[in-house]
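Copied over from TrEMBL:
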TRANSMEM  15-34  transmembrane segment
TRANSMEM  46-65  transmembrane segment
TRANSMEM  77-99  transmembrane segment
TRANSMEM  160-181  transmembrane segment
REGION    295-325  region 'Disordered'
COMPBIAS  301-313  compositional bias 'Low complexity'
COMPBIAS  314-323  compositional bias 'Acidic residues'
DOMAIN    325-416  domain 'Cytochrome b5 heme-binding'
Amino acid sequence: MSTAKNPSERRPKVWWSNAIFFLSIHFAAFYGIYRRPYWTVSTPSLLLALVIWQLSCFGITVGYHRLYSHRAFRATLPIRIVLAALGAMGFQGSIKWWCLRHRLHHRFTDDPVHDPYAASRGLFFSHMGWIFFKPKYEKLDEVDKDDLDNDPVVTFQHTYYVPIAIALGFVMPWLFGALWGDATGSFIWGGLVSRLAIWHCTFCVNSLAHWEGLQPYTDENTSRGNVILAILTCGEGNHNFHAFPHDFRSGPSKLDWDPSKWIIVALDKLGLAHELNRARDKDIQSALSWMKSKHHHDAQSSSSSSESSSGTSDEGEDSETTDELPLWTERELSEYVGEGKTRRCVLVINERVVDVSVYLNEHPGGPTLLRKYAYKPPGDSKDIGRNATWAFMGGMNKHSRAANRRLQEITVARMAEASQL
Ligand SMILES: [Zn+2]
Ligand SMILES: [Zn+2]
């Protein structure tokens, strides 16, 4: 749900420190290339730049994105420390800063107000324009962050982010270069030029991967799959997999270019990562076949009505399923929820009773969030004011078609009368 925009929201403050740093690095890198073109730089320095670029990229894709933003797998402490260090070397903010904005991006993809790098605001804005401003994201406080706050690696990296990033991003290449007598060349190429490569390749995921490419899984938002970007971004360019963010892969097919996925699998085999999440095959197949039938339908019909007619097939399934559900009173609902430790986690969304107990660990937003919106029987001491309908219908997330399908599957009843839940 896109709320009305007031003038102050449309004109956020310029983030001067960010803008000056960002532009200065660009200027310094280009001046460095002019003074020390690659043919004047030692081979070890050029290799170092390449390694820093790739390692930082993995810090962002495997660490910041899949591990921390989407909890797509779990990792041992040493791996979390390494990923936090590599991500900091990429100079894209702390894990906490990055993840909260990325979670907003997934919840409100393309929304010009709530998506920090909304593609709907143009290619330049989604690529790097957003970096220059300091908007107040009104939904940011509602994004779940308990997992981040409870991870000592995240809190330590957040507190000491600037010295860690400077040490690894600028000082370390210079020191390495000194070892082989080319400190300046290493600093220019490993510290500055590789920085631009890391930044712009990552930013392309927000810009080009929402602009050009294929949409095999969904067309509900602008995310697209693009193999060239996948190569440049350690696999993140298969971006149309947006609807399954809790999956540790950016594409389920063996043909998807996704080195980040391969690294996570290798870590799992070595016992350094575990609990790798995969979207259910059934859900992926259903997303693929929905898009195939839509393309087929669109190809058959040249009129614009094709879209609305293909869009209604899902809604038809919805109403059919709903009609078959039993009608419950609030008493029946309370009995179903139960008490104590065996209490079920149940949401009431649009008068439909949804038992999310089996879905808690699958939910991309995490189990804590679902529990906050769970139905509490009358007399429960805890707060009962959270409105799951509002949250599901766009207040907290623009849920995807895949999420709606899953919701139907775990809906157990309908409320007999309009309630205040
Ligand atoms: Zn995206
Ligand atoms: Zn993501």
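Placed from the backbone N, Cα and C atoms, the Cβ positions cover glycine too.
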Secondary structure composition of the domain 'Cytochrome b5 heme-binding' (325-416) [DSSP: H/G/I, E/B, coil]: 37 helix, 15 strand, 40 coil
Sequence-remote partners of the transmembrane segment (160-181) [C-beta within less than 8 Å, at least six residues beyond its ends]: 42, 44-45, 48-49, 52, 85, 88-91, 93-94, 97, 187, 189-191, 194-195
Segment-level pLDDT (mean, integer) for the domain 'Cytochrome b5 heme-binding' (325-416): 78
